[in-house]
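Below is one structure; the comments refer to it alone.
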Amino acid sequence: MAIELDLQLAVENEEGLPSQQDFQLWLDKTIPLFQPQAEVTIRIVDEKESHALNHEYRGKDKPTNVLSFPFEAPPGMEIDLLGDLIICRQVVEKEAIEQNKPLLAHWAHMVVHGSLHLLGYDHIEDDEAEEMESLETEIMQGMGYEDPYIAEKE
């Protein structure tokens, strides 16, 4: 089975979005480094849905780039469902421009970043952030993209 993707496009305009193959590749280059099989839903949304979910689950009154919802199976239940990623199209596009990054690279970074959250990584504490950012950079560079944090390091 490897990594199974359920891609949901919940946006008014689907033009210019990465392809299903792009999203699959990004998952395939990230998750198998930690576990051999997984099911992941990626839902691409507009700002309204991202804002509502970010407010409900994180108490933040604005849309955000990616939300991660890990699936926690009941004890004793063997299931490959890793969780859901909710990615806001407008926020990703705006950030790519602001950060002077190629749009496809920023989409890839959001999938890698969100996948690491599903796998239990976090960036609340400085040491956790350093470890997570290091993994993100390694994975992104392994796919031929630049360090996603290069602007912050200069």
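First residue shown is number 1, and so on along the chain.
Heads up, the Cβ atoms here are built off N, Cα and C, so glycines get one too.
DSSP assigns H117 (Zn(2+) binding site) to a helix. Using a 10 Å radius centred on the Cβ of H117 (Zn(2+) binding site) and all shown protein chains, the other Cβ atoms total 18. Annotated Zn(2+) binding site per Swiss-Prot: H113, H117, H123, in sequence order, evidence recorded as sequence analysis.
Summarising the environment of H123 (Zn(2+) binding site), the number of other Cβ atoms within 10 Å of its Cβ, over all protein chains shown, is 16. Within 8 Å of the Cβ centroid of the Zn(2+) site, not counting the listed residues H113, H117, H123, the chain contributes V66, S68, G114, L116, Y121, D122, M132, E136.
Around H113 (Zn(2+) binding site), a 10 Å sphere centred on its CB holds 24 further CB atoms from the protein chains shown.
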